[in-house]
Amino acid sequence: MSRNLIFIGMPGSGKSTVGVLAAKRLGMGFVDTDLLIQEEAGRTLQEIVDQDGYQALRHIEEQVLLKLSVENQVISTGGSAVYSDAAMRHLKANGTVVFLDIPLDVVMQRIGDYSLRGISRRPDQSLSELFDERFALYSRYADITVKGEGLTQDQVCEAIIRHLPN
Ligand SMILES: Nc1ncnc2c1ncn2[C@@H]1O[C@H](COP(=O)(O)OP(=O)(O)O)[C@@H](O)[C@H]1O
Ligand SMILES: O=C(O)C1=C[C@@H](OP(=O)(O)O)[C@@H](O)[C@H](O)C1
Ligand SMILES: [Mg+2]
């Protein structure tokens with residue numbers, strides 16, 4: 001079975017855009033699980049969060065990830081995928097997990113007004129608190145960590161490929 005390459009990290013870290021670049025370079029397919037969630041729910045991520053709350057988004061995300069059964073794909077997850085231990089163990093069973101690690105100030109620059117981005121967080125939780133909580137989870141599940149600060153998308157893609165096991 002050909003293994004997948006699974007991207008995790010904060011919103012803005014480049015999972016979706018670099019995921020496509022990596023899939024092309026490596027001759028693999030590409031799946032963005034955010035799009036699968038939207039198809040499953042028949043709504044945008046922002047609508048799910050606005051109408052049903054952040055926990056509903058995490059629940060649908062977990063269901064979608066647990067159902068995913070693919071091989072030889074780059075899988076770009078949403079930033080909140082790591083809240084489900086069951087989903088992460090399922091993905092890790094047939095894949096290498098790559099953490100795209102960028103610092104908080106770069107997250108802020110890239111995502112702009114995060115209240116418009118459907119981010120799954122407790123309403124009272126600041127972006128900085130969310131970053132710290134998530135950093136621990138991303139680190140826990142990562143097989144490979146690539147630091148993206150100061151790198152272009154192509155350079156991040158190169159760095160990922162360099163870190164891959166042969
Ligand atoms: N290395 C990079 N340098 C500059 N901008 C980047 C880089 N990686 C991603 N971006 C930009 O950040 C934004 C979020 O990227 P995206 O791939 O959607 O991240 P994610 O899927 O992790 O949320 C996009 O506008 C994208 O062009
Ligand atoms: O980090 C998050 O809470 C989220 C990140 C988004 O994906 P990206 O990380 O691809 O932006 C998307 O899954 C949803 O809006 C929730
Ligand atoms: Mg994305």
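Glycine is no exception: its Cβ is also placed from the backbone N, Cα and C atoms.
Secondary structure at S16 (ATP binding site), as computed by DSSP, is helix. Neighbours of S16 (ATP binding site), defined as other CB atoms within 10 A of its CB across all chains, total 17. Annotated ATP binding site per TrEMBL: G12, S13, G14, K15, S16, T17, R122, in sequence order.
TrEMBL lists S16 with the feature Mg(2+) binding site.
In the structure as shown, the Cβ atom of R58 (substrate binding site) sits within 10 Å of 19 other Cβ atoms. Among the features that TrEMBL reports, substrate binding site is placed at D34, R58, G79, R134.
Nearest by CA distance to G14 (ATP binding site), out of the binding-site residues D34, G79, R134, is G79.
With a cut-off of 8 Å between CB atoms and residues at least 6 apart in sequence, the same chain places Q153 near T17 (ATP binding site), listed in sequence order.
In this structure, the binding-site residues under consideration are K15, R122, R134, and the one with the smallest number of other Cβ atoms within 10 Å of its Cβ is R122. Of D34, G79, R134, all annotated as binding-site residues, the residue with the shortest Cα distance to K15 (ATP binding site) is G79.
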